[in-house]
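What Swiss-Prot records for this protein:
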type	residues	note
BINDING	107-137, 146-181	FAD binding site
DOMAIN	15-127	domain 'FAD-binding FR-type'
MOD_RES	17	N6-acetyllysine
MOD_RES	18	phosphotyrosine
């Protein structure tokens, strides 16, 4: 059985590149899409350890462009891999008039077009309930960290690596690891995977809690507003401790100007913080 299973893993070699076809595309909101890529057969799984991600590679205007993404599908899904990606269009952001190279390339892909996948990649592995393996860099040996409570700070599509862990941990009701998510977005419309996150928060209250903050909240908004602050972290995430790990994923300003300074201010040490 194990031999057959290995044969049906798509990402057999982390250095190889696997061309996968686009088989479905769904518009989630004005600038976010779900892209579904087909695996070599309906029985194949991607073969991605929980905590890891993939790279997509494409030749765009004679330049090799490589970007990292965490799928929202898992190895419970056969025959396909799903990515949720925000498209950075031209002339929207004054700092980036050209927009995103890879995201606009994906947006222009037609059904049946292929793109190269490479992986698994990553420094974090969810080994077994309450145990993470973490590499300090790509080449180092993974170190074991026992975790009772995972805090999560996510901005925009930075939710995808968090969702991977949330799904995996809540699937096992005997896993006592707690997770608390602080999820930052610009507007209410930008909150990705909201329905699923709120469902999990309701059905797995002993494992998962959820809090939002919005840059531009609507009137009557019940959650926080503005950039992530130390007070928000203090109120909604686990305090510093040996069995605490805070995971951070999102755009650079969220990480460098909000999450990291606030965490340091509250006394979280480097070994309590993991940034994707």
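Using N, Cα and C of the backbone, Cβ positions are placed for all residues, glycine too.
Shown on the structure are the features that Swiss-Prot records.
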residue: 17; record: N6-acetyllysine; contacts (Cβ under 8 Å, 6+ apart): 57, 116, 117, 118
residue: 18; record: phosphotyrosine; contacts (Cβ under 8 Å, 6+ apart): 10, 11, 116, 117, 118
residue: 107; record: FAD binding site; contacts (Cβ under 8 Å, 6+ apart): 33, 87, 89
residue: 125; record: FAD binding site; contacts (Cβ under 8 Å, 6+ apart): 49, 50, 51, 52, 132, 133, 134, 142
residue: 151; record: FAD binding site; contacts (Cβ under 8 Å, 6+ apart): 179, 180, 182, 233, 237, 238, 244, 245, 246, 247
residue: 160; record: FAD binding site; contacts (Cβ under 8 Å, 6+ apart): 69, 70, 71, 72, 83, 84, 249
residue: 169; record: FAD binding site; contacts (Cβ under 8 Å, 6+ apart): 126, 129, 150, 175, 177, 179, 207, 208
residue: 178; record: FAD binding site; contacts (Cβ under 8 Å, 6+ apart): 148, 149, 150, 206, 207, 208, 209, 238
Helix, strand and coil residues within the domain 'FAD-binding FR-type' (15-127) as assigned by DSSP: 7 helix, 56 strand, 50 coil
Entry from the binding-site residues list 116, 134 having the most other CB atoms no farther than 10 A: 134
In three-state DSSP terms, the structure that residue 134 (FAD binding site) belongs to: strand
Helix, strand or coil at residue 160 (FAD binding site) [DSSP, three-state]: helix
Stretch-averaged pLDDT - the domain 'FAD-binding FR-type' (15-127): 96
Assigned element (helix, strand, coil) containing residue 151 (FAD binding site), judged by DSSP: strand
Secondary structure of residue 178 (FAD binding site) (DSSP, helix/strand/coil): strand
